[in-house]
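If you check Swiss-Prot, you get these features:
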SIGNAL    1-17  signal peptide
MOD_RES   K93  N6-succinyllysine
CARBOHYD  N119  N-linked glycosylation site
CARBOHYD  N124  N-linked glycosylation site
MOD_RES   S140  phosphoserine
MOD_RES   K206  N6-acetyllysine
MOD_RES   K295  N6-succinyllysine
MOD_RES   K318  N6-acetyllysine
CARBOHYD  N394  N-linked glycosylation site
MOTIF     414-417  motif 'Prevents secretion from ER'
Amino acid sequence: MRSLLLGTLCLLAVALAAEVKKPLEAAAPGTAEKLSSKATTLAERSTGLAFSLYQAMAKDQAVENILLSPLVVASSLGLVSLGGKATTASQAKAVLSAEKLRDEEVHTGLGELLRSLSNSTARNVTWKLGSRLYGPSSVSFADDFVRSSKQHYNCEHSKINFRDKRSALQSINEWASQTTDGKLPEVTKDVERTDGALLVNAMFFKPHWDEKFHHKMVDNRGFMVTRSYTVGVTMMHRTGLYNYYDDEKEKLQMVEMPLAHKLSSLIILMPHHVEPLERLEKLLTKEQLKAWMGKMQKKAVAISLPKGVVEVTHDLQKHLAGLGLTEAIDKNKADLSRMSGKKDLYLASVFHATAFEWDTEGNPFDQDIYGREELRSPKLFYADHPFIFLVRDNQSGSLLFIGRLVRPKGDKMRDEL
């Protein structure tokens, strides 16, 4: 079946090349502003946090798809540090491994990193991002905190009255929808703890490929959630030259796909066969990823990926607590008095909600590539079963996103032996 698919993809690539007009001049590679030493240090720390938090969430049996922006999580910790005192503040810095940095270094460094990496224009990606801190109607946010949190973290602030829970939830979800231009219509259906502060991050991210997928190389396929459960999905296909590595010992393959302007890349790691991702996740560390990437080589690869939007909401409260953020979430111990001027607030929930769109769009591709000999026998990267993916900034090495796709949207197709 896969050999037939490979042949079909190669024939389609050649046939479609004749149809494509000479491409427009591709956008010149973007120019990222040089990061300060503080921002570079915090980029490294946020990457370490990414793997720790991902591993903690991967062990949660209730979690299927994972979608995290380590940069945004780091900014949330910075916000807690900004609004906290004593152990409450120091724990937030410790989870970020930034204990030895002065408070001002943390806030200015994270603010710089957030502005640089979320600059959609420079990076030619679609990334709509909003952060809002909701406080109980009985609490007023301090002016200094409102000003500083807006300056460093672009965080908005609102009071919310949960006596009318339906109206409160509607308000949160409407804000998220407006922030993401309707791509994320719902953050949550319920809020369990309504007597504390709610930090809500709402995001929509859409990669624009350095070389787009042809819109006609799209069809309906099956995605094997497990060996016995398959859902129908739309798949998009293209053949091109990519950094690629096949680890035969660990039975996994990985591919790196540059995004437009080449300031960042999407990296996908996938087991050779359908299996739970637990084995691969145990291998995944910052050091191991670096080692794998060092072995990648430019090769012809026929890539097939699910097409569509993945929507995921995580309440990170308990997962951050597992990494050491215990005081801020404890009603009896939290000291967030820099937020409100009083010790009358704790962090009840940290909602991290993302819509991530896998689509064909990107820079025009050069049809002349399909006459090259090396594309006649490409490696096959057929993502029809669970995989891990990362969006990586090529300058700082910071991760814009880390996630896994276990169950895409789709109806059950059939049972397989």
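Cβ from N, Cα, C; glycine included.
DSSP classifies K295 (N6-succinyllysine) as coil under the three-state reduction. Each of the recorded positions N119, N124, S140, N394 was ranked by the number of other C-beta atoms within 10 Å, and first place falls to N124.
Comparing K93 (N6-succinyllysine) with K318 (N6-acetyllysine), their Cα atoms are 17 Å apart once rounded. Counting other C-beta atoms within 10 Å of each candidate's C-beta, the modified residues K93, K206, K295, K318 are led by K93. Considering only the recorded positions N124, K295, K318, N394, the residue whose Cα is spatially closest to the Cα of K206 (N6-acetyllysine) is N124. According to its DSSP assignment, K93 (N6-succinyllysine) is helical.
In this model, the motif 'Prevents secretion from ER' (414-417) carries an average pLDDT of 54.
Nearest in space to K318 (N6-acetyllysine), taking C-alpha to C-alpha distance over the recorded positions N119, N124, K295, is N119. The two recorded residues N124 (N-linked glycosylation site) and S140 (phosphoserine) have their Cα atoms spaced 39 Å from each other. Following the DSSP three-state reduction, the secondary structure of K318 (N6-acetyllysine) is helix.
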